[in-house]
Amino acid sequence: MDKLAIQASPPLAGDVIISGAKNAALPILMAGVLAETDFVVSNVPNLRDVSTSCKLLRCLGADVDELGEGKIRISTKNLNEFCAPYDLVKTMRASILILGPLLARYGTADVSLPGGCAIGARPVNLHLHGLEMMGAKIEVKEGYIKARVDGRLKGAHIFMDMVSVGATENLLMAAALADGETVIENAAREPEVIDLANCLIAMGAKITGVGSATLRIQGVERLQGCEYRVMPDRIETGSFLVAAAVTRGRIRCLKADPASLESVIAKLEDAGAKITTGEDWIELDMEGKRPKAVNIKTAPYPGFPTDMQAQFCVLNVLAQGTATITETIFENRFMHVPELIRMGATMELEGNTCIIQGIESLSGAQVMATDLRASASLVIAGLVADGKTIVDRIYHLDRGYEHIEQKFQGLGAHVERVQ
């Protein structure tokens, strides 16, 4: 099984090209099921979850051609299966996003209950409740969600009890082909939801309120394929910016989207980073200084993203001062803390808050990745730890970061993949 071996590295320096956003690419690939003609998606990152999504679409009978350079073509003319099996779904929570498109277009879907990162309950009840309001008959048995609808789904007024990105995306896709108007209130406002909505509009969907907490979807008879480019990955961008800050370096993230990262950029500036942005690039310069501790509280967009929490834990571990990090989105999302403590970090958990006393340095150690973003934080910690750090179970990392060791090497980091 692959591991990453990391040696203490110099301050990161240079340019890094940001990949397409995993969390936008996955729902957009699932949206291909809604299209009656060929659908081409570009800027798709080469990741394990993307490969799993393509396998799932092929399992349903869709023709999926990987055209190279991050471009994928999907044709549904031979789609004739409506079951997303356990073997595929167990490795990736985003598989649940096939439910809405299958049900809306074909009236039937059997989807295994999902797997993915082990970071809390992430219930699917919001997805199911919304689809039931649109007329679906749903039962959960033998580990599968079995959904049926006679004719077409019907437009409905859906109020989400809590903000959920996945449920918003599933209901948005289902509503695009429903009969009549659907209103989704308390909808997620994440940039990836906006990207999906813009993709659906390019396919012929009628959606208003994009980017707000109230989405209005006027169902249409059919959707056509189009060519669509996935947005840049804001979490990958943020991860490299934090790595540069922790190593007191200076980097530029190219093909990035500064507008989607405002909360992260603000916290990096609070930590002492000098940040300059252009339309599609972000430069961070620590000017050789140690970062200052910053308090973080995660929140739905436009608040601070939960997917950047672990990386800022590492920043605060090596910062000047004491900080608190409060996680409000997922329970069980501090699994990186015991690993960082093994490297010498001074951290204490109190409920959903981590109290961190900044120290001068860490010690290299063998550590274990527990989920996608926790693994990124351990890599960043390894860059500034004395001696050698081995990060085990990096299949988590490969689910969300494209060519991570090559990108770090390009910035001067001592990182290599080993068996």
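Going from the start of the chain as shown, residues are counted 1 onward.
From the backbone N, Cα and C atoms, a Cβ is placed for every residue, glycine too.
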Listed in Swiss-Prot for the UDP-N-acetyl-alpha-D-glucosamine site shared with ARG93, ASP307, one of ILE72, ILE74, ILE282, ILE329: ILE329
Cα-to-Cα gap, ASN23 (phosphoenolpyruvate binding site) vs ASP307 (UDP-N-acetyl-alpha-D-glucosamine binding site), nearest whole Å: 11
Of LYS22, ARG93 (the binding-site residues), the residue whose Cβ has the fewest other Cβ atoms within 10 Å: ARG93
Rounded Cα-Cα span from LYS22 (phosphoenolpyruvate binding site) to ARG93 (UDP-N-acetyl-alpha-D-glucosamine binding site), Å: 13
Residue pair LYS22 (phosphoenolpyruvate binding site), ILE329 (UDP-N-acetyl-alpha-D-glucosamine binding site) - Cα distance, angstrom, rounded: 19
